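Peer 1: What follows is a single structure, and I will ask about it in a moment.
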Amino acid sequence: MEITNAEFVISNTDVKKCPAGTFPEYAFIGRSNVGKSSLINMLTGRKGLAMTSATPGKTMLINHFLINNSWYLVDLPGYGYARRGQKGQKQIRTIIEDYILEREQMTNLFVLIDSRLEPQKIDLEFMEWLGENGIPFAIIFTKADKLKGGRLKINISAYLRELRKQWEELPPYFITSSEERLGRTEVLNYIESINKELNSK
């Protein structure tokens, strides 16, 4: 897939105010500081499309970007930022859950995982929740360029082993680096394949 057009449409905290229409939506979510904005900018080829912040957990909005005038890329708030406080964390959880459970246009959720870290309980529990609610999702491992030698392969294998404790069938997964544009083609082709399947129905 070639992205010829990517434009910001709207930010909000209320799923009912998301864009009308039937365009499929591909949402991106992950823990704070997982590299989500950088990944979105890399995928779209637009350096400043999604704002990157030096402060983890700053974004508390659902951001819609219209891609090729045919589908939406949705940037969801990051979860698990402890310094946000209990009230802030509850507010974020409500925004995320309302979008994921109520937004009929959401076609697939991409869960971003920092490839440098060992499996995190918060991510595993979140994916378990997705499974319990029948939400289609894929995993994107980020920051692959930060690991040298065979460390990346070791970390990914460890993560998949952990997932197999919960899942009979593993979700699709992609290995990416925003710095090196690694995984861009694979992720976009995956989105394109789903779009073609939807259009054929």
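Easy rule for this one: first residue shown is 1, then count along the chain.
A Cβ is built for glycine as well, from the same backbone N, Cα and C atoms used for every other residue.
Computed from a predicted structure; not experimentally measured.
Feature list, courtesy of Swiss-Prot:
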BINDING   30-37, 57-61, 75-78, 142-145, 175-178  GTP binding site
BINDING   SER37, THR59  Mg(2+) binding site
DOMAIN    22-197  domain 'EngB-type G'
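Have a look at these and tell me how they're positioned relative to everything else.
Peer 2: Taking all protein chains in view, 20 other C-beta atoms sit within 10 angstroms of the C-beta of SER37 (Mg(2+) binding site). When secondary structure is read from DSSP and collapsed to three states, SER37 (Mg(2+) binding site) falls in the helix class.
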Peer 1: Minimum Cβ neighbour count within 10 Å among the binding-site residues VAL34, LEU61: which residue?
Peer 2: LEU61
Peer 1: Could you give the mean pLDDT over the domain 'EngB-type G' (22-197), rounded to a whole number?
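Peer 2: Overall, the domain 'EngB-type G' (22-197) comes to a mean pLDDT of 90.
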